[in-house]
Amino acid sequence: MFHRIEEALEDLKQGKVVIVCDDENRENEGDFMALAEYITPETINFMITHGRGLVCVPITEGYAERLQLEPMVSHNTDSHHTAFTVSIDHVSTTTGISAHERATTIQQLLNPASKGADFNRPGHIFPLIAKEGGVLRRAGHTEAAVDLAQLCGAEPAGVICEIINEDGTMARVPDLLQCAKQFDIKMITIEDLIAYRRHHETLVTREVEITLPTDFGTFQAIGYSNSLDTKEHIALVKGDISTGEPVLVRVHSECLTGDVFGSCRCDCGPQLHAALAQIEREGKGVLLYMRQEGRGIGLLNKLRAYKLQEEGFDTVEANEKLGFPADLRDYGIGAQILKDLGLQHLRLLTNNPRKIAGLQGYDLTVTERVPLQMPAKEENKTYLQTKVNKLGHLLNL
């Protein structure tokens, strides 16, 4: 059904267009994609004629800084946190909307001699800033375009355009397959691009391994660093996990207030202890402790969210009030650590279906969801109910 990443790379190097699809549980969309370095008016015209979506230019942070491209909004509330900058036209264009002038703007965006003052704002080209680490950090079209450009040895920038059907509806996989056949275009998935990158590179480094006796039993503690940020993560491993059988795994995001201080606002501490105890009972398993405090927003922002909850907001509303998504956690680094440990098939200790989807998007297989429900307390009943109602957690309250 889909083409190999290597096939798409060969076409992109020749200046051709490919179709890139994301996960059905995400946007479930396909975009035309070409290398910005080889963009022509003809390619732009093809995209806007047959794609009908918005023409965007995924770039690295370096381009945005050099050209002084500020974020489009101060607080990004997009559900996928797409990092739009201000839209631009090159000063040499007139209206900036024609295929020729849009191609000119893109070409000048890549010109190393260009400066921020060389572009009018707003305009008709929409730059998007890709996250460092690409699809291993965020499985979006923005990151896919920059990754593909880099894999081609080209300037790290792409041109993308969503594909919309003639009736105005979004093109899904059956429509995209027909489109690819009609125009003889290679079609790939972001999932396959993730797998390709995972096969060829890694972002985590195993730094140190020790024996760690705990109140729950003795584990091997393995410390990891990563090349995306300064966060350090730790895996507690019990027994022989190299047999190829599904392994009991808990991916636990750091919660200082719950894990260390025993906060009753959440169930994190009891979940951590219960997971360690269950792994010890089974004699085999992994607890991966990820430094993603407050579902990824950090300790101080979590405390600010708690303050808003005291004023009547729930946990999701508090995050959004602070300008964050409900859940900012990233599973790419955790997935790489689990792969480094030799794991492929997981029995995942979780109540969160999104965690399952997040890990499976990185070439891991969750063979079983193992519930990890703790008794509710008066102080966290509302919090847990919100996780059920708004975050889709599987709890019996």
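Each residue, glycine too, has its Cβ placed from N, Cα and C.
Feature list (source: Swiss-Prot):
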- ASP327: active site, proton acceptor (ACT_SITE)
- ARG329: active site, nucleophile (ACT_SITE)
- ARG26, GLU27, ASP31, ARG138, ALA139, GLY140, HIS141, THR142, GLU162: D-ribulose 5-phosphate binding site (BINDING)
- GLU27, HIS141: Mg(2+) 2 binding site (BINDING)
- GLU27: Mg(2+) 1 binding site (BINDING)
- ARG250, VAL251, HIS252, SER253, GLU254, GLN271, GLU293, GLY294, ARG295, THR315, THR350, LYS355: GTP binding site (BINDING)
- CYS255, CYS266, CYS268: Zn(2+) binding site (BINDING)
- HIS124: site 'Essential for DHBP synthase activity' (SITE)
- GLU162: site 'Essential for DHBP synthase activity' (SITE)
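Swiss-Prot feature annotations superimposed on the structure.
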residue	record	DSSP class
ASP31	D-ribulose 5-phosphate binding site	strand
HIS124	site 'Essential for DHBP synthase activity'	strand
HIS141	D-ribulose 5-phosphate binding site	helix
ARG250	GTP binding site	strand
CYS266	Zn(2+) binding site	coil
ARG329	active site, nucleophile	coil
THR350	GTP binding site	coil
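Following the DSSP three-state reduction, the secondary structure of CYS255 (Zn(2+) binding site) is coil. Ranked by CA distance from HIS124 (site 'Essential for DHBP synthase activity'), the binding-site residues ALA139, HIS141, CYS266 have HIS141 at the top as the closest. Of HIS141, GLU162, GLU293, ARG329, all annotated as recorded positions, the residue with the shortest Cα distance to CYS255 (Zn(2+) binding site) is GLU293.
When the alpha carbons of GLU254 (GTP binding site) and ARG329 (active site, nucleophile) are compared, the span between them is 11 angstrom. With a 10 A radius on its CB, HIS252 (GTP binding site) counts 22 other CB atoms from all the protein chains. Of the candidate recorded positions, CYS268, GLU293, ASP327, the one lying closest to GLU162 (D-ribulose 5-phosphate binding site) when CA atoms are compared is ASP327. You'll find the Cα of the residue listed as 'active site, nucleophile' roughly 11 Å from the Cα of HIS252 (GTP binding site). All chains included, 19 other C-beta atoms sit within 10 angstroms of the C-beta of GLU162 (D-ribulose 5-phosphate binding site). Taken over all pairs of the listed GTP-binding residues (ARG250, VAL251, HIS252, SER253, GLU254, GLN271, GLU293, GLY294, ARG295, THR315, THR350, LYS355), the Cα spread reaches a maximum of 23 Å, rounded to the nearest whole number. Residues THR257, GLY258, ASP259, SER263, ARG265, ASP267, GLY269, GLN271 surround the recorded Zn(2+) site, their Cβ atoms falling within 8 Å of the Cβ centroid of CYS255, CYS266, CYS268, which are themselves excluded. A simple Cβ count within 10 Å picks out one of the recorded positions ASP31, GLU254, GLU293, ASP327 as the most packed, and that one is ASP31.
A simple way to gauge crowding: the CB of CYS266 (Zn(2+) binding site) has 23 other CB atoms within 10 angstroms, across all the protein chains here.
Closest to CYS268 (Zn(2+) binding site) by Cα-Cα distance, out of the recorded positions ARG250, HIS252, ARG295, ASP327, is HIS252. Rounded to the nearest whole angstrom, the C-alpha distance between ARG295 (GTP binding site) and ASP327 (active site, proton acceptor) is 5.
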